[in-house]
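Trainee: This structure is in structure tokens; I'll ask about it shortly.
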Amino acid sequence: PRTLRTLHDLPNKSLLLAACAACIGGTFQYGYNISVINAPTMYVQNFMNQTWRERYQIDVSQEFLTLLWSTIVSMFTLGGFIGVTIGGTLSVKLGRKGTLLTNNVFALVAALLMGLSYPTGLFELLIIGRLFTGINAGIAICVQPLYLGEIAPTAFRGAMGMGTSIFITGGILTGQVVGLKEILGREEYWPILLATTCIPAFLQLLILPWFPESPRYLLIDKGDTEGCKKALKQLHGIADCDAEWEDIEKEKNNLKGVKAKKPWELLADRSARWQLLTIILLNAAQQLNGINAIYFYADYIFKQAGIPNDKISYVTVGTGACECITALTCGMLIECLGRKVLITGGYTLMSICCILFTLTLSFQDASPVVPYLSMACVFAFILSFGLGPGGVTNILTTELFTQTTRPAAYMIAGSVNWFSFFFIGLVFPFIVIGLQQYCFLVFLAICSLVVIYIFLVVPETKNKTFLEIHNEFQPSSSRKASSVDGAGTTLLSGPL
């Protein structure tokens, strides 16, 4: 029988360091580049206007300036989309660790281009630089959770997977702090501020090479038995590597002769239909649940509550810190409460916040207390998001698939996530203009539907091996057949 270490046991130090090394140049970059662009908005626009004037002797029109700025911002999303589509393929060709290390090239090129845009007077470099940071983020958000999920022992898979969202929120918070006036938020520093994206890249290039490739990748994809054993010893310690070895060996025997799938093959695979539908819905909902709307509205609400304009950036840092703390809390809770409780709870609380938010925004002028209630709703919504959807979505993408389908699943999930991110960025301003405060009723509907779906379809995955989870999704007739056949771990689900 598999022995699961008790919760009080801590994972091996080497395992934690490997996770941090992967995250610092991975999803930390993603979070950092999302938030760092907000502080220098005005300065970059002034620079573009000034450059335009020097080139053509006329001021750029306000509409064109807005278009240029939104191009710079949305290039990140386009890059992310490209990154996700190549990330899965790279992770099979170069390995998980190899891809993460190679990925830093994009961050370094981006830092160079954005840092040089001011001295050379070419704002076009900013557009290309943001495209490269996007590609870097897209590859990272596809490959890093894959690496974390595969190096973690079963008992710590949830907590390790939370590293992804802890470092995203940490990146967002760092970006907000570095963008404050006291640090790099002044006009003369904006090229340096945008070029700081090279620091996490250098850190990862220094630290990650000391840690091994994913043991699952080494054994199942490469057939390297020695390498896998060595990696397991380094990551889990000598005492704990046997149970993990058995688990990987079992999965390998099960997948004999099965090649890593391409996304279109996975879409055609009937045995993975429900898993795919689940991650597509959860990844779309992660962007479309109103969290972006909350951030969009945050400044307006803080103004209404009477916070002076020059202090709003500090309150925004408060929202970033709030999200970061929740991600940490979720990391501690996920192994005792399980995935299903957290994600259902998160979406339920968000549904309640949507109702309260609509009410407080509608009666903003009824009493001086109401704006403060709106502020409380902002923080409550962010907390609820961080507790469930923010962290658990990525972990489920790792857990609902086996080794041969996981990279393709990440490519599909990532594409849906980035497309939803792009879509909400494009459509959201119009929704706000059209519906005003009632826009949160749209998000209420989305959150409520997700709760119902998870409750009915998604099984609890805590402390189960990847094969046990896979079998939960199979029709009961094939599940019975597979449990007669042995330990209930064979996949009798039609062609894989």
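Any Cβ shown, glycine's included, is placed from N, Cα and C.
Nobody curates TrEMBL annotations by hand; they come from automatic prediction.
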Trainee: Which stretch, out of 457-476, 477-496, is listed as region 'Disordered' by TrEMBL?
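Mentor: Matching range for region 'Disordered': 477-496.
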Trainee: Identify the transmembrane segment range according to TrEMBL, selecting from 67-88, 287-308, 309-330.
Mentor: 67-88
Trainee: If you count Cβ pairs under 8 Å, which stretch among 159-178, 341-363, 369-396, 408-432 touches the transmembrane segment (125-147) the most?
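Mentor: Answer, by Cβ pair count: 408-432.
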Trainee: Average pLDDT across the domain 'Major facilitator superfamily (MFS) profile' (19-462)?
Mentor: 92
